[in-house]
Amino acid sequence: MAISRLGRELLIAPSILSADFLRLGEQVREAAEAGADLFHLDMMDGHFVPNLTFGPPVVEGLQKLTSLPLEAHLMVLRPEIYLEDLASARMHRVTVHAEATTHLHYVLGKIGSLGMKAGVAISPATPVGMVEDVLDMIDLVLVMTVNPGFGGQSFITHSLKKVESMRTLLDRAGAAHVRLEVDGGIKAGNISRVADCGADTFVMGSAIFGEKPCETVFGEIRRALTSER
Ligand SMILES: O=C(CO)[C@@H](O)[C@H](O)COP(=O)(O)O
């Protein structure tokens, strides 16, 4: 998208969870041409969240469709068991939920040792401080703005305060290398408010792969983020 605001480069990460899987190749190409910066892959195991999606073989297929970076958002218990396969599938970044492992430091170390970037996600009821002691091991924190598990949910309004608190935590820690990503219920109509709270990376599923053509949605996002406030 190449948009910067408040001195931050803003990135849009379409979540393929909301894509039509029968037209996945076409939809990924459309989103890339419209201005996607990376693709967000929601992997769910039916245990950490009550939904099942896909695993590393789908990533291998996606690598043939786009040269944009792919990030995995693991909504799974025991994330460590999938890491070798994700590294073989050339995943750029793997984000694990702080709530899904009892040994976050170990899992992040393993992601790094396999040559991938690491991120930490926190669900709506998890405090921002969960990431404080691992900032030097990660390049992204993901503040969930819905409860994880499904696309198409409504943005939890309290998340605005939480994004602000996470921005404050990152700035105080001098963690300029860590992106602040938000995920869940992000639309052209609220993206500007969330950006003002300090988010710089926006996962969008149903908004991008909904009824409107991708190009139209990206135009709306661009206008929302560049309009005078
Ligand atoms: O991680 C998730 C859901 O658990 C998200 O990535 C959703 O897929 C976002 O979808 P929308 O809320 O944008 O429709």
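Cβ atoms are placed via backbone N, Cα and C, with glycine included.
No curator has checked TrEMBL annotations; they are predicted automatically.
It should be emphasised that the depicted structure is a prediction, and the values quoted were computed from it without experimental measurement.
Straight from TrEMBL, the features:
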- Ser15, His73, Gly149, Phe150, Gly151, Gly152, Asp183, Gly184, Gly185, Gly205, Ser206: substrate binding site (BINDING)
- His40, Asp42, His73, Asp183: divalent metal cation binding site (BINDING)
- Asp42: active site, proton acceptor (ACT_SITE)
- Asp183: active site, proton donor (ACT_SITE)
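Structural mapping of features recorded in TrEMBL.
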| residue | record | DSSP (3 states) |
| --- | --- | --- |
| Ser15 | substrate binding site | strand |
| His40 | divalent metal cation binding site | strand |
| His73 | divalent metal cation binding site | strand |
| Gly149 | substrate binding site | coil |
| Asp183 | substrate binding site | strand |
| Ser206 | substrate binding site | coil |
Of the residues named as substrate binders, Ser15, His73, Gly149, Phe150, Gly151, Gly152, Asp183, Gly184, Gly185, Gly205, Ser206, how far apart in Å are the Cα atoms of the most distant pair? 16
Which whole-number value in Å describes the distance between the Cα atoms of Gly149 (substrate binding site) and His73 (divalent metal cation binding site)? 11
Relative to the mean position of the Cβ atoms of Ser15, His73, Gly149, Phe150, Gly151, Gly152, Asp183, Gly184, Gly185, Gly205, Ser206, the recorded substrate site, which additional same-chain residues have Cβ within 8 Å? Leu17, Ser18, Asp42, Val146, Gln153, Val203
Given the binding-site residues Ser15, Gly185, Ser206, which lie close to Asp42 (divalent metal cation binding site), meaning Cα to Cα within 10 A? Ser15
Integer Å value for the Cα distance linking His40 (divalent metal cation binding site) with Ser15 (substrate binding site) is 5
List the same-chain residues at least 6 positions away in sequence whose Cβ sits under 8 Å from the Cβ of His73 (divalent metal cation binding site), in sequence order, or say none. Ser15, His40, Leu41, Asp42, Met43, Thr95, Ala121, Leu142, Asp183, Val203
In the structure shown, which of the binding-site residues Ser15, Ser206 has the fewest other Cβ atoms within 10 Å? Ser206
Within a 10 Å radius of its Cβ, which of these binding-site residues (Asp42, Asp183) has the fewest neighbouring Cβ atoms? Asp42
On a count of neighbouring CB atoms within 10 A, which of the binding-site residues Gly149, Gly151 is highest? Gly151
By a simple count of other Cβ atoms within 10 Å, which of His40, Gly185, the binding-site residues in the record, is least packed? Gly185
Residues other than His40, Asp42, His73, Asp183 within 8 Å, Cβ to Cβ centroid, of the divalent metal cation site? Ala13, Ser15, Leu17, Leu41, Glu71, Thr95, Leu142, Val203, Gly205
